[in-house]
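Notes follow the structure.
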Ligand SMILES: Nc1ncnc2c1ncn2[C@@H]1O[C@H](COP(=O)(O)OP(=O)(O)O)[C@@H](O)[C@H]1O
Ligand SMILES: [Mg+2]
């Protein structure tokens, strides 16, 4: 099974250090991990560092991977205006490093990724005139089609409507279990984190503040300290934890 | 399947849609190739002595069936010029297509990076003051001058792009700066040169295919054939670059490396093309745009499409240069700009769906 562990991982842009010595316990395939933290905490930077687009101190330890490129990364910004259809844009992500010839299997994977994310009907649309949410789902499909063992998603739900947010998170949950995939997603909705993720790690100004099972990490105390909001967490009538925000501190 | 696909594209599954798309593009490429062949035959048929298309086709496929005189005129005199139009057109168009791709700029072309301007300056030094960079046969002195200056320009831009923190906007700005510098230097040359020399420089910068010979054709064609596979190898990566550097990198592409490698390759393509025929405007800009409208930006179709569109445009330009004023061959660079610009504007304005 694939595992991911960060060992004193650092990163900087130029001379400015953005991440300092982020260490985590070992995450495993099948888990969904929430990457939490306020704006500019370094979440995107951490993803880039794990994916290898940024170099820096410390080690990103990945073990048990079946393939040479086990990690896929869905970046935060997804705007582009090339003359490509949605189908082509997903195929493109699939074909990198695979030679010129498109195999039936590749097309099957594209079809599956589009269907899984509920955007099969968009296949023929130009990527230039998608809505923000559609672009985000396309971006997720581009990551999924690579059949990753570790999937890094940078704010995958930020442009989605409520229904699609829940839809995407439910799919991710299912994929993690079905394919023993390790999914790490940067989320701003702590309620979603409580409901859909097993583990949570919280960044603040480039440092890891806490990391552990989500229900132990996301507490009124954390909300006050990191997000400066006053909130309660109570079980709803069906026993699910509910986050009730009372206001900014 | 294909006819259904074009009637009800929305009702098909993704895979069927994709197959229909590929088939349609293959047909478009085949159609363009046919048009290219017709244009080549027309180009061969035109000149001081006019031939019928049947005669040209006969001379092409059964050289023994036509008279000695026709054979000599078609094969030895007109063929190198007509084929030069194709390879120069293809080279400039591919160069423009990839510059637009790697620089994310719809206006990028061999001109934007100062490659043409550099070539003109090199040629002008030779024509006006007899400056010779490398002694060679008289026919090659000016092309070598032009080529070396063009490569020097791209090398300079390449070296600057290697520096950390140089963005694609900076590269485009550097190219434009080079254009202005060379324009000023050209002005200086023309100010000091003799009247005759100025005329020669001006004529060179207008671009002309008439000096094409078989050896020049083979050199240009050889370079084109060598560069294409190197670009094809990066096909998927180049297509991904159109989604932006971050997105491309997230797909495992190293945008910086691809950009530098492709920059070097297309500089070579453009430099060799302009060195032999002089400044030929707009092929490197218009060719890729037409290909993009017809075929999209998947490099598997966009790259051959750009090549064929560029070749076709310059071949048609060559035909027009002979027929506009009978008995006179107007410099091809003037034709491509005069006819190319309005045609280009028409295309851009009539196509509301814009990629940029
Ligand atoms: N390319 C960059 N160059 C310099 N600084 C950057 C760059 N990208 C991000 N930063 C800085 O790094 C910090 C963390 O950014 P980021 O990782 O994007 O935060 P988050 O994703 O948590 O909002 C911010 O202060 C941001 O300004
Ligand atoms: Mg971010």
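Here the Cβ of each residue, glycine as well, is placed from N, Cα and C on the backbone.
Looking up the ranges B:27-46, B:47-66 in TrEMBL, the one annotated as transmembrane segment turns out to be B:27-46. Note: the stretches the transmembrane segment (B:213-232) and the transmembrane segment (B:77-99) are in contact (3+ CB pairs below 8 A, sequence gap of 6 or more). Among B:77-99, B:111-134, B:262-286, B:301-321, B:262-286 has the largest number of CB pairs under 8 A with the transmembrane segment (B:328-349). With a cut-off of 8 Å on Cβ pairs spaced 6 or more residues apart, the transmembrane segment (B:301-321) and the transmembrane segment (B:27-46) reach 3 or more such pairs and are scored as touching. Contact between the transmembrane segment (B:111-134) and the transmembrane segment (B:27-46) does not hold: fewer than three of their C-beta pairs are under 8 Å, each pair 6 or more apart in sequence. In this chain, the transmembrane segment (B:262-286) lies close to the transmembrane segment (B:77-99): three or more C-beta pairs between them fall below 8 angstroms, excluding pairs fewer than 6 positions apart.
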